[in-house]
Each structure stands twice: as C-alpha cells, then as structure tokens.
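Here's the structure we're looking at; comments come further down.
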Amino acid sequence: MAAAAAEQDYWGLFREETGWYNEIFLSAVVPGGGGWWRALPHPLRSWLRNCIGGYLLYFATGFLWCFVIYYWKRNAYIPKDAVPTVEAMKKQIIVASKAMPFYCALPSVSEHMIESGWTRCFFHISEVGWPMYIVYVSLYLIFVEFGIYWMHRELHDIKPLYKHLHATHHIYNKENTLSPFAGLAFHPLDGILQAISHVIALFLLPMHFRTHIALLFIEAVWTANIHDCIHGKIWPVMGAGYHTIHHTTYRHNYGHYTVWMDWLFGTLREPEDLLKKD
C-alpha cells in the first residue's frame with residue numbers, strides 16, 4: 001500500500017508540473033477575465049497551452065527569421081531570385097495554422113501518458129545522475145533521428161501516403177517557394193507521424209520529462225531553420241542546404257537533425273556535389 005501511494009505521489013509530480021505550466025502560461029495569454037479555462041479538464045488545459053504556445057512559437061520564429069533573411073540582410077544569405085513571394089508564404093501559414101491544433105494533440109497526449117505513469121520518464125536528473133542523463137538523451141535523439149528518417153522515407157515510398165499526406169508539403173519544391181513558414185506546412189497527420197518517434201521513445205528509454213517537452217517544441221524552430229534555403233555548412237548537421245535538395249530531388253536527405261541516417265542508408269546527397277554537377 002505504501003509503495004503504491006509513493007508511486008502515485010511520484011507521478012503526481014508530473015501533473016503538478018504541467019498544471020504549473022498551464023497556470024503560468026494561460027493566465028498570461030488567454031483573453032477574458034475569470035480564467036474560464038480553469039474549468040476545462042486538465043488534458044484540455046494542457047492542449048490549449050500547447051496550441052497557443054505552438055502558434056506563438058511558429059509566428060515569432062517565422063516572422064523574425066523572414067525579417068532577417070529577406071529584409072534586414074536582403075541578398076546576404078540567398079540570391080534575390082530565391083526569395084519566396086508573399087503569396088507563397090501566406091499559403092504556407094494557412095496550411096500550418098489549420099494543422100496546428102492537431103499537431104498539439106501529440107505533446108498533450110504525451111503529457112497525459114507520462115502523468116499516468118505509462119512511460120519511462122523520470123522527473124529529476126538527480127534520479128539518474130548527469131552521466132546517465134547525457135547517455136539517455138543521446139539514445140533518445142538517436143532513436144528519434146532513426147524514427148523520423150524512416151517515417152519520412154516511407155511517406156515518400158508508399159505512394160498512397162505520399163499522395164494523400166506528404167504531397168501537401170512538397171508543393172514547395174523550389175528555393176523560391178520555400179521559407180521558414182513552410183516548416184510546419186504539412187497535412188496534420190503527416191506532421192504527427194513524423195514527430196511520433198518522440199513519444200514512442202518514452203516507452204523504450206528513460207527520459208527526462210522537461211527535456212522531452214523542450215525537444216518537442218524545439219522541432220518548430222528546427223523545421224523553420226531547415227526550410228530557409230541557407231546552407232550553414234556545419235557538419236554533421238542536416239541543415240537547409242541538405243533539406244533544399246530533398247525538396248528538389250524527392251529521393252535524398254530524409255534525415256532531420258544530422259546527415260548520419262542518410263549516410264548509413266545510402267540516401268545522402270551533399271550540397272557541394274550538386275554545385276559541382278551544375
């Protein structure tokens with residue numbers, strides 16, 4: 001009995017943490033007095049927080065990125081003929097905005113499963129120590145990279161999946177149609193499938209709760225980065241130079257954070273190789 005109570009107390013830490021997130025964030029950003037959102041069930045409050053946070057992160061990242069590379073540093077990073085039109089960016093924003101409420105169901109479901117004690121998440125880094133924390137985060141990122149690579153590749157190779165899901169994203173297939181706003185311009189199910197390895201990993205590997213939540217939302221910033229067409233040349237990072245090739249050849253560079261999975265499975269194409277061919 002005491003062990004069961006202690007276990008309930010432990011998983012309660014996660015619910016208290018997400019409740020604190022909800023209280024701090026929603027109190028600050030939700031319009032209307034009285035905190036009407038407090039009457040919602042806890043999972044819905046978490047979804048509302050994730051959804052509003054997702055929109056804010058998407059627009060803040062996108063507008064700031066576009067201001068820097070298209071206006072403030074005009075032609076410093078990409079040539080004039082590679083700048084996307086305002087109309088193209090508007091279409092990307094519409095697609096991403098429609099999908100955002102569905103995307104944000106994933107971290108909300110993830111939080112609920114963690115709070116329920118169904119995963120291998122741990123709350124304090126001190127429970128495992130810093131060396132094992134680094135090991136677990138590294139294994140988590142390797143698993144996520146592997147999962148995103150193969151999910152992305154199958155979304156191309158399985159024709160019905162490409163036609164009905166992934167093609168929505170690949171209408172942006174030239175430099176002058178890609179922008180940071182294209183980073184989340186997916187069919188909702190496509191976006192969820194490509195991120196789901198973040199959640200599956202929690203059932204297989206010990207993972208720090210706050211780090212997991214942070215990495216899910218870092219996805220929004222990273223996807224903006226790899227769609228800006230600027231080749232950062234930081235090996236082994238799968239930057240925009242590599243991902244732009246993916247959008248133009250459809251057969252290469254399926255990876256997400258690094259080039260290693262494409263190198264391992266024979267689908268890597270270097271931006272320098274493309275320039276030599278041209």
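Cβ atoms are placed via backbone N, Cα and C, with glycine included.
In TrEMBL, annotation is done automatically, which means it is predicted and not curated.
The domain 'Fatty acid hydroxylase' feature in TrEMBL is assigned to 139-267. What TrEMBL lists as transmembrane segment is 20-40, 52-72, 133-151.
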Surrounding residues of the transmembrane segment (52-72) on its own chain - C-beta under 8 Å, 6+ positions past either end: 25-26, 29-30, 78, 83, 89, 93, 96-97, 100, 103-104, 179-181, 183-184, 217, 220-221, 224-225, 228, 230
The domain 'Fatty acid hydroxylase' (139-267), counted residue by residue under DSSP: helix, strand, coil: 85 helix, 4 strand, 40 coil
